[in-house]
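Q: Just lifted these from TrEMBL, have a look:
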COMPBIAS  81-91  compositional bias 'Polar residues'
COMPBIAS  109-118  compositional bias 'Low complexity'
REGION    71-126  region 'Disordered'
REPEAT    271-312  repeat 'WD'
REPEAT    313-343  repeat 'WD'
REPEAT    360-392  repeat 'WD'
REPEAT    403-432  repeat 'WD'
Amino acid sequence: MEKGEEQLIDIITDDDVGISEAAVFIFTDGGGDIAELRPRAFAGSQSVTLRRHLSSDNLLLDLPRIGDLQSSEQRLMRENGGSSRNGNMQFSDPLMRPSADDEEFLRQSSSSTTASSSGEYPMAMSGESSPFVMSPWHQSALDNPLDLAGATPRNGLITSLVREEGHIYSLAAVGDVLYTGSDSKNIRVWKNQKDFAGFKSSSGLVKSIVVAADRIFTGHQDGKIRVWRVSPKNPTVHKRIGNLPRLKDVLRSSLKPSNYIEVRRHRSALWIRHSDAISCLSLDEKQGLLYSGSWDKTFKVWRIADSRCLESVIAHDDAVNSVVAAFGGLVFTGSADGTVKVWRRELLAKTTKHSPVRTLLKQECAVTALAVSPAAPLVYCGSSDGFVNFWEGEAQLAHGGVLGGHKMAVLCLVAAGSLLLSGSADKNICVWRRDGGVHCCLSVLSGHTGPVKCLAIVADGEEEEVGGGGAARSWIAYSGSLDKSVKVWRVSEQPPDALLRAPMNVPADP
């Protein structure tokens, strides 16, 4: 099928579900095929038309690959702010149920699309899923409604970085330097929030970027990892110094039939190469290791010193959407198969060995993002249902609760200090603050006109005084979106003044 060609497909609905004529649903199967659904009102077994585009130039939303198309009711839930036709939200934890107030909050929170709203703090809601009340066991609900009208906003927009090169899919920030990757195959370099330099790969949308000392690793849609180095003579020049795996390793491995594995029916590939798009990269700088996750259902382990592939692990039954090297020699992977798995790393003489420890989560909706807060330690998981689960490392990875602040899929997460930022297909960023086992939403950052695809965060270097003689850290957060822009935000660990003054419930035991 040629680019722009349309293919009509009928989908038969299972239930009596009414959808507005204006409703638009966009899916991707992970291979470049974009499906756009503009349904008319329908019910029962009536069919609707699915218009399918190949590598469409009009791409509005590119979720991580989520396997088969979900049911019409699940799509309707996302379109209506997470509520199904019977008014119940789909929570990852069955103990959580929303209130009418919460559903009203979700509808209202999406109505503001200007950057000026980024400093606004939503009113407290009474239900269990309000962004101020983030766990079915550890509630941080306030005894009295908050009067935040006079609160001093500490989170807000600094500037926007716009260069019309394509949708932004990846970010990496180190100090005052920011790297951005897009579907134009370009990697832009920004210094002190100014356009500084750029370099381009020969092919492949840039889906992930990590920086290790003097090297930059980029993961691409074409299944390759490219390695770059900054010129010592000219910091604006970035030279590609190789690919992972190295060509000589590919040639050497190809001589042995035992190095080939079956990746699809009647198709084999070398185990050291990814056979599908690179979806994520993660560094363990202490051990000198790079992890890569792919839609080929595997994650691979690379030694940075010599660029060798040490291990390939068939981790999931569907695409690996996120991999994170974490505390205590543990590695976490999240997949389109709806699971989050824990792996324990063992360092051997010449290689590594990763063994499965447990499965933290198993659900129908796709796991789209993972983040680790080392200081706590906590593991966060974002899903295509719009919720964030978390587990407590000090409690043997016991489930800590569910954060519910988005009405569409969570696409990215980043943690720093006591903060967690979640970006979503609803175009918003929620800023969460952790206090012990309790989370509250400090603010909702609005301003993007497209889904928020990636986040990065670095220390601001400033501290704010708080009551009791302490200090709250401030951070610079970057958000990349499919609206082709990067926005720069200042976020603080200190909550609004009104939230500090308000009494809070004591967290309940699980």
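Cβ atoms are placed via backbone N, Cα and C, with glycine included.
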Q: Which residues of the chain, 6 or more past the ends of the repeat 'WD' (271-312), have a CB below 8 A from one of its CBs?
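A: Same-chain residues near the repeat 'WD' (271-312) but 6 or more away: 30, 64-65, 207-210, 212-213, 215, 217, 219-225, 227, 242, 244-246, 249-250, 253, 259-261, 263-264, 318-325, 331, 333, 335, 345, 347, 350-354.
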Q: Taking only the residues in the repeat 'WD' (403-432), give me the average pLDDT of this model.
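A: That region's mean pLDDT is 97.
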Q: Going by DSSP assignments with H, G and I as helix and E and B as strand, what are the residue counts for the repeat 'WD' (313-343)?
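A: Across the repeat 'WD' (313-343), the residues distribute as 3 helix, 19 strand, 9 coil.
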